[in-house]
Amino acid sequence: MATERTLSIIKPDAVAKNVIGEIYSRFEKAGLRIVAARMIHLSQEQAEGFYAEHKERPFFGDLVSFMTSGPVMIQVLEGEDAVIKNRDLMGATNPAQADAGTIRADFAQSIDENAVHGSDSVESAAREVAFFFTEDQLCSRTR
Ligand code: IDP
């Protein structure tokens, strides 16, 4: 097991539903620490840059307009196997296919509005964390 960091975003649908605390509680119960957090309303440029790898996908325009439709809560989670642990807590991309008890099964309504983002690998986590936070903004226990 390795101590990792991963980037998590509580998307506009879940912020609007007022379930930030419930989602944070799941991170904490799973042993993940929040080592940085910021609420922002993403600009079009930020959303397009963050999701650049999906630029050619047919849903890209909808994804960017959804992610800029309201504030998001962005956090860095740290802990043993943080990347996969967070992905397990999130559940499948399509909430209709997400396991019972996962964040997306409980709080998301559709594949477009699916409550949370989480980095899918240690490599993308490093890039995504750096997209929103500088190293000195991370209150890591490992520093
Ligand atoms: P992930 O968020 O589970 O890692 P990705 O495949 O990386 O899933 O897709 C990024 C985001 O793009 C998803 O969370 C979802 O909001 C959106 N998305 C993915 N596939 C579709 C689709 O087929 N239709 C609409 N939106 C999609």
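Glycine is treated like the rest: Cβ placed from N, Cα and C.
TrEMBL: automatically predicted annotations, no manual curation.
Site annotation for ATP in TrEMBL covers LYS11, PHE59, ARG87, THR93, ASN114, and the matching candidate from ARG104, ARG127 is ARG104.
Checked against ligand 1, the binding-site residues LYS11, PHE59, ARG87, THR93, ARG104, ASN114 give PHE59, THR93, ASN114 as the ones with a Cβ under 6 Å from it, listed in sequence order. Long-range Cβ proximity for ASN114 (ATP binding site), meaning a same-chain Cβ under 8 A and a gap of 6 or more residues, is found for LYS11, ASP13, THR93, ASN94, PRO95, ARG104, ALA108.
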